[in-house]
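**Q** Below is one structure. I have some questions about it.
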Amino acid sequence: MIGRFLAGTACALALSAGAAQAQDEGAPYDIYLSMSYIGNDWQAEASNMVKALAASSDYADRVNLEVQVAGPNAQRQIQQINAMVQAGADAIVVFPISPTALNSVVKSACSRGVTIIAYDAEITEDCAYNVTIDQAEAGRETAEWLVDEMDGEGDVVMVTGVPGTSVDTARTSAAKEVFAQHEGINIVGEAVGMWSQAVARTELNKLMATRDWSDIDGLWMQVGCYTANAMQLEAGREPSELLPCAGEGSNGGRIQMLPADTEVDGASAPYAPMGAPRISYASPPYSGALALKLAVDKLDGKDIPEHTTLPLPLVTNETIELCETGSWDEQKAGCNAFQPGLVSNPGWFASIFSEELPQLGLNAALVGQPES
Amino acid sequence: MTDQTLHSPAPRRTATRSFRNLKRGQAVIVAALVFAALMALNAFLSPYPLSYFDVSFLASGGATTAIAAAGQTLVILSGGFDLSAGAVVSLVNAVLATSMDPSNMEASVPLWTAIGIAIGMGVGAVNGFFVAVMRLQPIVVTLAVMFIVQGLTLLIMAMPGGFVSPTLASTYLGDTIPGLLPAPVTLLLVLVALWLWLKRTAYGVTLYAVGSDPEAARSTGLRTRTVTFATYVLAGGLYGLAGVFVSAQTGSGDPLAGNALLLPTFAAVVIGGTRLGGGKGGVLGTILGAYILMIVVNLLLSLNVSAYYSTIAESAVLLIAVLAGSLSKDSTLSLRLRDLSDALSARRKGWLVTQRPAEDRRLAFTRPSDTAPRLSFMQKYGHTLRHALPAWLCLALVLIATQAVLGNVFTGWRYWDSLLVLSSFLAILALGQGAVILTGGLDLSLPWCIALSGVLLTGLVGGQDMGLLTALPVVFAVAAVIGLANGLGVVALGLSPIVVTLAMNGILQGAALIWSGGTPAGFAPPVLRWMMTGKVMGITPVILFMVVFTAFAILLLGRTAFGRRVYAVGNSELAARLSGVRTGRVIVSVYILSALCAALVGVLLAGFSGQASLGMGDDYLLPSIAVVVVGGALITGGRGHYAGMLGGALMLTAMQTLLAGTALPFAFRSVFFGLVILMAVIALRE
């Protein structure tokens, strides 16, 4: 215990010393971003938004940002973080591949006075800061919505995320708890969706090989509602017959939620308004950018909370609203879905609005360009 | 070997012998030099001097891969292949983290280390039993065991967490001599010392003998089975130790911790100069290989290489290290260069066979007989049936099980439509991968060849049907170039197919990322979507296409000269070459065929999902190999029939459909899947 306390103090001392030094010189902070896999939409948006924030007029002179990608291998991320520390990082913003595997390297980075902030997933080491949503709440709220939509009765198909991760386990078990409380709800099928629309389609195809869509009353998914709606249309069902689906915050899914007579640019079925009954939730991709902002605050000597819980972005058919341009101001006024003409990829995540980041609008997430 | 050197009569012979020893250690020496150079470069680029702390950290960072790769080295030396390595690391990590008592901060290090190693050896014994006693193909056995172990790990631990006593960390990550010798280095030195001893024992000699020529080793009276079994057990123990090390390093458990380690262990083994296929190499080189891989990551950061290029850079290091390690007067590259210059000078002199007048020079007595003896049906097709039927029988069993559990199989078309559409991807890949495996190779570049093709297609067509006319030729041309490069790497550079295609996979990954900028744009054109999801008289159009494709595949492999050459090369490349088969061309062609099949799958997958995504090929690599082997092909080449592979593709897809239809937890599904693969190959036993 004493050792730990001492280490903590040393860490704090080193931190304040580092911060004071940087301020004296007026030099920008060296901040590193260690991402996991690239090549999925969420990661690309998160990285775009981090880059946009670093390029915005508020931060351009203050931050030197360097981005590295570790892939799916935690061992590599450990090496990478250590290499960043060796290269003289002031702070490291990290998308942790494993909540636990990084603990020792994070601890040693802290002891060298480097601020570590994790986004989206958590690092359990005490000296790290975390920026996440409440995953269990996400699972619970969406499951409760689905139960209400189904009037507490019927057969549910679940499509989960990547098995063995904390995020998937927290969401899925919270949802299952809700379903278990309602006797009328039966889970008739459970597929592993790996958080990918493509995998969701393959798995749903396997699930539906021995069933008809009319045998099912509701869908609970982590990613895949957009695909499930598309598949129902391909199977010849009318848009009015679409099953209620609790799922991800992709723009394609949001556009499908709009009433069928909404006028949008560049829509083509199934990426088109159809009044699909949905609740849409997401881990917002701006969490990385917020982590960067917090890192700068921390280096400036401000106090930041150890755990920042982001408000859970939930959108239902009642609250869905189309944006014209997608600027931050417009989103602040309440819109939460983007024109297909602007966002050509339906799998793209639409929960990009943060009260605290007026630098970031649609262009930040799309191409890494800040509002100002 | 040492004895002979000591007793050798003339000093001159001693000199040549030590030179020969030096040559023998060339790969290890090259690896050591590369490592030293990279280390120096890294130190030079770093703004801070390299401190003891950094060295200690680097040592612990690469240790897990190094230890696991040491185990893999043993298996590869024996001529085998172990896909279960990463899964065992995860299993041990999960067991330790869930069973250690959080209130006991002083847990015994030897005890838990022994437990970890014992678990690994247990899994190794299962592998060893099926490979050595049941004589099944290592790659399939370990693939099945990998699925089973992954499932078990998730049953033990559903999500990251748990507790690992800090005593483990202080022992394995601390200092043996503070300020001078970090504990991980000591651990590796002990392993190397053990290896150097083991190499000289009867076991070690037999291991090399088995790897070099199993037939000869058995005929000489060596106990090949015992040694093979022991090799898998020892390797398992080393994966277990790697698992213990990960646990010490992370202080907790993660059920996915080791899964990403599999490919790096192969890369480390190969960079370290161990020959895939067995008989040459060693643990020392592998450990250096693991550290080279690790230092490259640090270098990329110091040099500020864009993340998109990192897999390309790593592949380049892999290729260069392997080439440098094998470069000599007798290496394939120099042979090919010599061949080329010989051919050129022969052409100039007009001696080349093709330059001589084309007339029939057959001797009279080789004239083919007028009547061929009629073969009975079983004589003609019995061999094929023997190997192709088990997959179809398993398929029938799975179908009956599906009918019993889920119903709706034999009563409607819907199930069959889904099954045929979903299996079409694997069935197409089976032709390419199958042809490569028939020649004794393996194509690991499929995942990113699929993804790159899909991404290229959706990017180029712009969502219009007319766009296909230009996009499809481009996609298939790119694939042909990829296949050509793979084939030339194998034939002209003389590298192992696994190395070439593994490196190609990394290069293609980089290419796909750069081309798409991280997020693939565009959609599959309507006609492609219609083909995968539309209906013609209730049938999805791609099924009709698959009927044609299957007929083409069976004719190509069974009835054409190309097909016969493929089998000839797989049975014996030397015999084929001496019989006048241009083996190089045949090998290059199968890689081109494989890349074209992968491209076709990429195009169809894009149509199926409506768009392309970068990870879309990831789930197809191991199944593509499993399908071919379950379908009756021999992984070392020369045996197999497309009809069996098709059965394998249908069987695996039906199995997945059955498992997906139940509400069984994912962990159980993984275990079942592994068991079914294992059963299928047991049914294939001679």
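Glycine too: its Cβ is placed from the backbone N, Cα and C atoms.
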**Q** Looking at B:337-354, B:445-462, B:499-516, which stretch does TrEMBL describe as transmembrane segment?
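**A** That would be B:445-462, per the transmembrane segment entry in TrEMBL.
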**Q** So are the transmembrane segment (B:388-406) and the transmembrane segment (B:468-491) touching or not, going by 3+ C-beta pairs under 8 A with a sequence gap of 6 or more?
**A** no
**Q** Any contact between the transmembrane segment (B:418-438) and the transmembrane segment (B:666-684)? By contact I mean 3+ C-beta pairs closer than 8 Å, pairs at least 6 apart along the chain.
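**A** Touching, no - the transmembrane segment (B:418-438) and the transmembrane segment (B:666-684) miss the threshold of 3 or more Cβ pairs under 8 Å.
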**Q** Sequence gap of 6 or more, Cβ distance under 8 Å, 3 or more pairs: do the transmembrane segment (B:27-45) and the transmembrane segment (B:179-198) meet that?
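**A** Contact between the transmembrane segment (B:179-198) and the transmembrane segment (B:27-45): absent, because fewer than 3 Cβ pairs are under 8 Å.
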**Q** Going along the chain, which residues at least six beyond the ends of the transmembrane segment (B:179-198) come within the CB cut-off of under 8 Å?
**A** 52, 55-56, 59-60, 63, 66-67, 70, 171-173, 204, 238, 245, 282-284, 287
**Q** With Cβ-Cβ distances below 8 Å as the criterion, list the same-chain residues six or more beyond the ends of the transmembrane segment (B:468-491) that contact it, or say none.
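**A** Apart from its flanks, the transmembrane segment (B:468-491) reaches 319, 336, 441, 443, 445, 449, 452-453, 456-457, 460-461, 497, 499-501, 503-504, 508, 525, 527-528, 584, 587-596, 598-600, 602-603.
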**Q** Of the listed stretches (B:83-100, B:281-301, B:666-684), which one yields the highest count of Cβ-Cβ distances below 8 Å with the transmembrane segment (B:139-159)?
**A** B:666-684
